[in-house]
Amino acid sequence: MTPRVLVIEAEPRIARQVALNLRKNGFIPTVVPRGRLGLAAVQERAPDIVILDASVPDMSWDLCRTLRQIPDRFLLLLLGRQWLQDTDPADRRSDDYADGWMPKPFRPDELPERVRAILFRGRKEPIFARRLRFNDGDLEVDVYRRTAYRGERQIPLTPTEYMLLLMLARSPGVTISRQELSDWVLGPDFVGDSRTIDAHVKNLRAKIEDQPKHPKYIKTVYGTGYRFQGKLDDIPS
């Protein structure tokens with residue numbers, strides 16, 4: 001399934017930017033403003049990774065240890081300049097606290113790449129790979145470059161079509177509802193019929209399918225949503 005990211009960030013502007021950038025790069029973000037709320041959200045949302053800003057008001061090393069020790073969860077710390085100046089390097093690098101850390105500020109593309117690297121390092125699974133290839137290389141999704149190919153030909157996808165393809169391709173054989181696709185591709189604040197996603201699927205099929213009316217990759221599950229039927233070649237790097 002698509003990786004879920006919990007962001008613990010007290011500054012609304014930073015939280016919005018981080019969430020938007022994660023969503024654009026193929027993740028499902030949830031944002032909370034406090035560490036203790038983050039603990040509850042971990043139980044409720046079951047994220048694959050938690051991003052914790054060390055500047056949140058109730059930040060503590062006990063909180064880090066608690067988050068770090070939850071099974072099958074990863075923790076990435078965001079650290080400001082003042083924090084880096086005031087803290088011993090041995091502390092901030094300790095495996096007892098986190099799986100990784102990043103200094104602030106950082107470029108927009110750095111955080112998604114670091115998240116992807118931590119997840120792929122910890123779990124050798126297709127959803128964390130940079131490239132997904134299907135049907136002996138017939139279709140490829142390049143997560144790093146946000147592009148897709150049929151054989152050697154690059155497919156001219158819109159950002160919405162790319163995000164739709166990525167979510168489906170990361171869960172081959174799994175039926176995903178229209179509402180789930182709409183929330184992820186169009187955003188949870190989108191106002192409109194969830195069947196709006198049907199129009200985007202139609203456009204996507206026209207670009208990746210040999211016979212769009214008889215698709216081999218994106219199958220309709222009537223009354224529910226869609227399922228990606230490509231056979232994953234391997235777990236790419």
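Cβ atoms here come from the backbone N, Cα and C positions, even for glycine.
According to TrEMBL, the protein has these features:
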DOMAIN    4-119  domain 'Response regulatory'
MOD_RES   ASP53  4-aspartylphosphate
DOMAIN    129-230  domain 'OmpR/PhoB-type'
DNA_BIND  129-230  DNA-binding region
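The DSSP secondary structure for the residue listed as '4-aspartylphosphate' is strand. Here the DNA-binding region (129-230) has a mean pLDDT of 88 out of 100.
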